[in-house]
Amino acid sequence: MMSNSTSLTVSYFILGAYLNIGYLRYLCFMITAMLYIVIVVANTSLIVVICVNRSLHEPMYLFLCSLFVNELYGSTGLFPFLLVQILSNIHTLSAPLCFLQIFCLYTYANTQFCKLTVMSYDRYLAICYPLQYHTRMTSNKAVILIILVWLYSFVKFLITLSLNIRLTLCGNIIDSLNCNNHLVVKLACSDTQVNNIYGLFNTALSVLGPLFPILFSYMRILRVCFSGSKQTRQKAFSTCTPHLVSLLNFSFGCSFEMFQSRFDMSGVPSVLRIILSLYFLIIQPLMNPVMYGLQMSKLRNICKHVLRYKLK
C-alpha cells in the first residue's frame, strides 16, 4: 500500500469501497452481468430498429439513436471493470485503465446532458413551430448537432484529463467502486489550483450550459400547451414526458455522485452509498430504451411489428 505522505509514481489505484461479502459476490456478479446484458440488448435493438427503418430517419429518432449509443458507451465504461472487480480479491486498477474509465464515464455524463438539451430544443421546435419544423430541423442538421455534442464533450474532458495526468500523487486509495476524477485530484500533493479552478468552471458549464436552453424550451412549450388545442397538449405530453423523466432521473443520479465525491458521506450506510453512486450509470441506460420504446407511438408500433414477425 502506498503511503499518503510520500510522493511516488502511481502505477495502480486501489478501489476502497468494495465490501467483503464472501460468496455473495457470485450472486452480485450474476445480477450485474444480467443488468449489462439487458442494457446492451435493449439499446442495441432500438438502435438497429431506427437505423433499418427509413421511416424513422427523422431528427427526433436520430437524436434518440444517438442517446442509445451513448447509453452503450457509458455502460461499457463501467460494467466490464465492475464485473472484474466483483470477482477479484484485490480491488486494484492500473493507472492507464483508471484514467480511461474516468474519461469514458465523464464524457458519457456530459454527452448525456448535451443530448438531452438538444432534444429539448428539438421538441420546442416541433411543438411551437410545427409548420416550420422540417425546415428548421432537418436530418442533416440533426447529424451535425450530434457530432458537435460528441466533439465538445471529448475535447472538454481531454483538457481535464491532461491537467490530472500531470499531478504528483501521494496516495493511490480511491474510496469508490470506480475511478473518480475528483477523488484522484484529492490524492495530489502537488499544486491543484489550476485543476480546481478549471473543475469549477467545467462543472458550472456542464450544469448551467444545458439548464438555460432546457428551461427556455419548456417554458415556451408550456405556454403553447396552455393556449393550444387538446391535440397539441397530447402531442406535447407523449413526446416530452420521457424526456423530462430521463432528464430529472439523470440529474438526480449525477447530483448525488458529485456530492459524494466532494463531501463527507460517512453518515450514509455503505450499501445505500454504493447503490446511489451507481444509480445514474445503471438506471439511466435501463430506463431510457423502455420509456422511449413504450411512449413514442411510431417507435413502439415498429417494435411490435418486428416482434410479431420474429415470433411467427
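Note: Cβ is positioned from N, Cα and C throughout, glycine not excepted.
What TrEMBL says about a protein is an automatic prediction, not a curated fact.
Residues or ranges marked as transmembrane segment by TrEMBL: 23-49, 61-84, 90-109, 142-159, 197-219, 240-259, 271-294. Residues or ranges marked as domain 'G-protein coupled receptors family 1 profile' in TrEMBL: 42-292.
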Chain residues outside the transmembrane segment (240-259) and at least six past its termini with a C-beta under 8 angstroms from it:
109, 112-113, 116, 119-120, 123, 127, 203, 214, 218, 221, 265, 276-277, 279-281, 283-284, 287-288, 291-292, 295-296
Using Cβ distances below 8 Å and needing 3 or more such pairs, separated by at least 6 in sequence, tell me whether the transmembrane segment (61-84) contacts the transmembrane segment (271-294).
yes
